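Engineer: This structure is in structure tokens; I'll ask about it shortly.
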Amino acid sequence: MGFRKKNKSPPVLSHEFVIQNHADMVSCLAMIILLGLMFEVMCDWTGAVVSRVMLAAANYLPRKMARRPTGTAYRITQLILFPSFVFQVTAKFSIMFITVQYNVTQVLDEKSDPVNHYQYGPKDVATVFFYLLIAVILHALIQEYILDKMNRRLHLSKTKHSKFNESGQLAAFYLFSFIWGCSILTAEDFATNPTFLWERYPHTHMVFQVKFFYICQIAYWLHALPELYFQKVRKEDIPRQLYYICLYVVHITGAYVLNLHRLGLVLLVPHYLVELLFHASRLFYFSDENKQKGFTLWALLFVIARLLTLTLSVLTFGFGLPRTENQGFSLAEGNFNVLTIRQFVFPVHMMTCLAAICLTQAWMMWKFINFQLKKWREHSQNQALKKKAVSPKSKPPKREPTRGGAANGVVKSEDKTSPRARKTKAS
């Protein structure tokens with residue numbers, strides 16, 4: 001009876017060990033942060049115990065011991081209050097990672113209820129870090145339980161395997177973000193009224209859904225950077241993925257910090273719809289190469305999305321924001337609408353934002369045109385090869401038949417050999 005050889009586990013803290021177990025490590029770190037919330041309940045319980053101990057000390061201990069601050073009762077109280085203080089600090093530290101910070105309560109009218117809004121600040125870095133960990137865990141779950149099972153059935157090559165994983169992860173993210181963004185646009189009426197994009201700028205206050213949406217977006221695209229190492233992305237694909245990851249991080253963070261979250265949200269939703277269609281079409285193409293109709297619809301919507309992005313950007317930066325009442329630069333108020341000294345009135349940072357958006361759209365159109373030309377060349381080459389395979393083979397020319405196998409008075413045999421001459425017998 002033969003014994004099977006067990007696969008040796010990689011050394012602890014080696015590259016292979018970290019790649020195989022990165023999701024477990026990240027989940028342990030996230031659980032440590034979540035466990036900090038339990039100390040808030042323990043803090044309340046400890047406070048109740050302390051109050052009862054203080055009452056008991058005042059009633060039963062001698063008066064001298066209770067009055068003197070350096071007495072035994074005071075030391076006992078210190079020993080009980082110290083873990084309460086530690087629990088309270090730990091709970092506040094964990095809440096900073098998990099919940100959305102910088103809550104502002106506003107009262108619009110005397111009759112209406114107070115409304116909760118949010119601003120951004122340095123503590124958002126901790127919140128982004130925690131949801132970055134959550135994104136790594138969800139990435140590993142989708143990869144292990146969905147994409148890996150589909151890859152085993154399709155038997156793809158290494159190149160298609162990496163592209164299939166990339167499209168599967170991005171398609172799930174784009175679908176979730178598109179549905180979430182549409183719900184926010186419907187609730188806040190951002191899309192129905194275009195003037196809402198620049199009226200009363202700066203838009204320092206955000207509702208909970210908008211702020212949490214931006215934090216999750218920044219966390220997801222930041223998590224994509226270590227995933228290049230965890231997923232063993234090929235060196236040829238790393239520059240291409242780094243380009244669009246950095247573009248997402250810069251544009252989304254810029255819209256969040258410059259208080260342009262309304263415009264950013266309106267531009268992200270149609271863009272995510274186009275990208276969702278592209279990656280879904282690529283998934284269907286990998287399963288069956290004859291399914292290519294989705295790319296045609298994607299090409300049409302891609303051009304429309306670029307035109308929509310340029311139109312809204314020029315309308316907001318060129319006509320809307322220069323006419324707002326709040327003109328100037330103030331970090332405290334979150335106003336970045338700075339004017340130039342030129343004859344025409346135009347915001348400096350808005351000009352930079354508009355130039356960045358236009359350059360990004362031009363770069364995307366350039367990549368799109370190159371992609372379409374490459375696809376057209378491949379299609380024409382395949383059609384040419386098919387025509388050559390279908391065309392009939394060239395037949396050899398027929399020879400004119402000769403009478404009796406003679407040509408020009410000379411008798412020839414069929415095997416192109418001259419007949420053997422008979423020998424004459426000598427008489």
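Backbone N, Cα and C atoms are what each Cβ position is placed from, and that goes for glycine too.
When I checked TrEMBL for this same protein, it listed these features:
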- 162-379: domain 'TLC' (DOMAIN)
- 382-427: region 'Disordered' (REGION)
- 81-105: transmembrane segment (TRANSMEM)
- 125-147: transmembrane segment (TRANSMEM)
- 168-187: transmembrane segment (TRANSMEM)
- 207-230: transmembrane segment (TRANSMEM)
- 242-259: transmembrane segment (TRANSMEM)
- 265-285: transmembrane segment (TRANSMEM)
- 297-321: transmembrane segment (TRANSMEM)
- 341-366: transmembrane segment (TRANSMEM)
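Describe the structural context of each listed feature in the structure shown, including burial, neighbouring residues and relevant distances.
Structural biologist: Using a Cβ-Cβ cut-off under 8 Å and counting only residues 6 or more beyond its ends in the same chain, the transmembrane segment (125-147) has close neighbours at 22-23, 26-27, 29-30, 33, 96-101, 164-165, 168-169, 172, 215-216, 218-220, 222-223, 226-227, 230-231.
Within the chain, the transmembrane segment (168-187) has long-range Cβ neighbours (under 8 A, six or more residues past its boundaries) at 139, 142-143, 146-147, 150, 209-210, 213, 217, 220, 265-266, 268-269, 272-273, 275-276, 279-280, 283.
Within the chain carrying the transmembrane segment (242-259), a Cβ under 8 angstroms from the stretch's Cβ atoms is held by residues 120, 201-204, 214, 217-218, 221-222, 224-225, 228, 268, 334-336, 349, 353, 356-357, 360, all 6 or more beyond its ends.
Below 8 angstroms of C-beta separation, residues 194-195, 197-199, 201, 263, 266-267, 270-271, 273-274, 277-278, 281, 337, 346-347, 350-351, 353-354, 357-358, 361, 364-365, 368, 372 of the same chain, each at least six residues beyond the ends of the transmembrane segment (297-321), sit close to that stretch.
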